[in-house]
Amino acid sequence: MKAGYFITGTDTGVGKTIVTSAILRSFIKKGLKVGAMKVIETGCLNKDGILLPSDGMLLRDMAEMNDSLDLITPIKLENPLSPLVASRIEEIEVDIERIFRAFETLQKKYDYLLVEGVGGLMVPLNKEEKKKSMFYFVRDLIKDMGLPVILVTRPTLGTINHTLLTLEALKNKKISVKGYIINFSEPAKNDIAEKTNPQVLKELVDVPCLGILPYLTELNKDKIGETAIKNFDIEALISL
């Protein structure tokens, strides 16, 4: 059985890569064969004309993959902007078919494939110039891949609105949602919002909370895996 998830977030910088890394390490600790993709990465480091995707490189390391970065991150852009804007500036096509070729290749190799998106659901990826106003968004990519979603959200003020809006946008496209994970991308403030938001979200949404990831001070493989197993509903994640 080939299975997997699409990891998206309520916004840019919410911690999708860290959460994806945590799930990867927990699956590996359970003895599962798991791979990862960062389908598009902007803000890549240009080293002697070669674009290096830091998120894609981290995921390859966390998953202990020996696959090419061209498979793990098939679209790499230098400017830290939305793919649509960055690709126009750099005059590089965001080739959706290229993403799917890489996706299908990796799916055949792994029992589970974790696919991390870019930004939030409504980040534009490209536009078919022959079709008036025909934009292709992250949400369309998720729909076409057919993977259930794990939503990464924040514990901080504003997360209730962002989480509900994102879940509503997924529902409108009839995209399956496995659940959400609350990620502390910064040290806990222990304010009222952080203390109350997790429970309020549980009351408001009809998909389960799969865990709360505390702030990680270091990206140590063993530490991330242990933290994930301790804080995530691993059995629910493994069971599609």
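The backbone N, Cα and C atoms fix where each Cβ goes, and this holds for glycine too.
On a predicted model such as this, the values are computed, not experimentally measured, just so you know.
Here Swiss-Prot flags LYS38 as active site. Under the heading ATP binding site, Swiss-Prot lists GLY13, VAL14, GLY15, LYS16, THR17, ILE18, ASP55, GLU116, GLY117, VAL118, GLY119, PRO214, TYR215, LEU216, citing sequence analysis as support. The Mg(2+) binding site annotation in Swiss-Prot covers THR17, ASP55, GLU116. Swiss-Prot lists THR42 with the feature substrate binding site, giving sequence analysis as the kind of evidence.
The structure, with features from Swiss-Prot marked on it.
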| residue | record | Cβ contacts under 8 Å, 6 or more apart |
| --- | --- | --- |
| GLY13 | ATP binding site | SER185 |
| GLY15 | ATP binding site | GLY9, VAL152, ARG154, ASN183, PHE184, SER185, LEU213 |
| THR17 | ATP binding site | LYS38, ASP55, LEU58, LEU59, GLU116 |
| THR42 | substrate binding site | LEU77, GLU78, ASN79, PRO80, LEU81, SER82, PRO83, ALA86, VAL118 |
| GLY117 | ATP binding site | PHE6, ILE7, THR8, GLY9, LYS16, VAL39, ILE40, VAL123, VAL138, LEU141, ILE142 |
| GLY119 | ATP binding site | GLY9, ASP11, THR12, SER82, VAL138 |
| TYR215 | ATP binding site | PHE184, SER185, GLU186, PRO187, ALA188 |
| query | Within 10 Å of the Cβ of GLU116 (Mg(2+) binding site), how many other Cβ atoms are there? | reply | 27
| Around the residue listed as 'active site', how many other C-beta atoms are within 10 angstroms of its C-beta? | 28
| task | Count the Cβ atoms, other than its own, that fall within 10 Å of the Cβ of ASP55 (ATP binding site), considering every protein chain shown. | result | 23
| request: List nothing but the largest Cα to Cα distance in Å, as a whole number, among the residues GLY13, VAL14, GLY15, LYS16, THR17, ILE18, ASP55, GLU116, GLY117, VAL118, GLY119, PRO214, TYR215, LEU216 that the record says bind ATP. | output: 22
